[in-house]
Ligand code: CP3
């Protein structure tokens, strides 16, 4: 049994009692931190940083050195999986991620194969093991992957997209082809997350950044179904401990009950939904993670404290809440404001827990 000394996050994800509401931030290691920019410069590029287990470990720990956070998240990117499938990931300056060989022809799609995570993604698995050693039992390490639909968006569009024209054309014209891409990608993600768990990830999050761009019916068929398949294939107990699974669909508030029934332990919420109303809808089925608008971190410390308090009050007393932003922290966030957020949540959330508050 190897629970970390601070296991507040794991307890909250499993809806066990906690003393305060745990907090971590999506993209907590990133460009808003000068020390991250310095390490990235030393690495030469973002991909070189991802591919060096030692440097990936270094940046993973940077936000924990600054702030009293309750978890580390593996430093990597969701697009390492399609890169390992042979699509050739690169980052064009100021343009975001791109693929040299996006999936365009049927034969390319039919040839797609799930990579062996211990081979093509060895650098990620090594980073997980190195980070666990460096954390030395302090806080849990979260592993992650993109959802098959979100990965397919990049694989088929070839990069970021405003309208998802190519993937949506395929979805409606050739659903068989898209299902093939999603099926292979789901196998790849399952093996990849299980390898992260084997190497020491103590919770995992599936980032479904673009599921929310789908119609209600297409969301279930092309995004949720594959996340459900992944969850069913995951190692749920490792080293005698349950490995909680978090599903984050940006824009998924409308489908909360279905996401909660996917087999996950926790649902990540963006800021468009009231977390108290979300709690009323899911009841005791899952924990909830979220959901401060990341743009609030552009305001002053008093506003940040007021808004963080509103999220805590809206969720209300009892366990099952992991405080987070509703999406990744912006690169333009002043690092000092994060201190105000972390301190507010740490201090003020105590009154929502303890013997006097209902579970
Ligand atoms: O949360 C963490 O701290 C872990 C690290 C992490 C990164 N990307 C590091 C990163 C995680 C969990 C991701 C996930 C990711 N990557 C998602 C899903 C989550 C989300 O934000 O919706 C997506 C869609 C990607 C794809 C991707 N990678 C994009 C759109 C970008 C930004 C491109 C840009 O230039 O703005 C990246 C690059 C990236 N991934 C950065 C970081 C810190 C910035 C790259 C840099 O340092 O230049």
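Glycine residues also receive a Cβ, built from the backbone N, Cα and C atoms like all the rest.
Please treat TrEMBL annotations as automatic predictions, because they have not gone through curation.
Worth saying up front: this structure is predicted, and the values here are computed from it rather than measured.
Summarising model confidence by region, the domain 'Uroporphyrinogen decarboxylase (URO-D)' (22-31) averages a pLDDT of 98. Look at TrEMBL and you will find 22-31 (among others) tagged as domain 'Uroporphyrinogen decarboxylase (URO-D)'.
Within its own chain, residue 31 (substrate binding site) has 37, 40, 331 as residues 6 or more apart in sequence whose C-beta sits under 8 angstroms from its own. Summarising the annotation, TrEMBL assigns substrate binding site to 27, 28, 29, 30, 31, 77, 154, 209, 327.
For residue 77 (site 'Transition state stabilizer'), the same-chain residues lying six or more positions away in sequence with a CB closer than 8 A to its CB are 46, 50, 89, 97. Annotated site 'Transition state stabilizer' per TrEMBL: 77, in sequence order.
A Cβ distance under 8 Å defines the sequence-distant neighbours of the domain 'Uroporphyrinogen decarboxylase (URO-D)' (142-158), meaning residues of its chain 6+ beyond its ends; these are 9, 24, 71-74, 76, 78-79, 81-82, 85, 87, 97-99, 102-104, 128, 164-167, 170, 178, 181-182, 185-186, 189, 192-193, 196-197, 201-211, 214, 222-223, 226-227, 230, 246, 249. The annotation domain 'Uroporphyrinogen decarboxylase (URO-D)' is assigned in TrEMBL to 142-158 (among others).
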Cα-Cα distance, maximum over 27, 28, 29, 30, 31, 77, 154, 209, 327, record's substrate binders, Å: 23
Recorded positions near ligand 1 among 27, 29, 31, 77, 154 (Cβ under 6 Å): 27, 29, 31, 77
Those residues of the chain, 6+ apart, with a Cβ under 8 Å from that of residue 327 (substrate binding site): 26, 250, 270, 271, 294
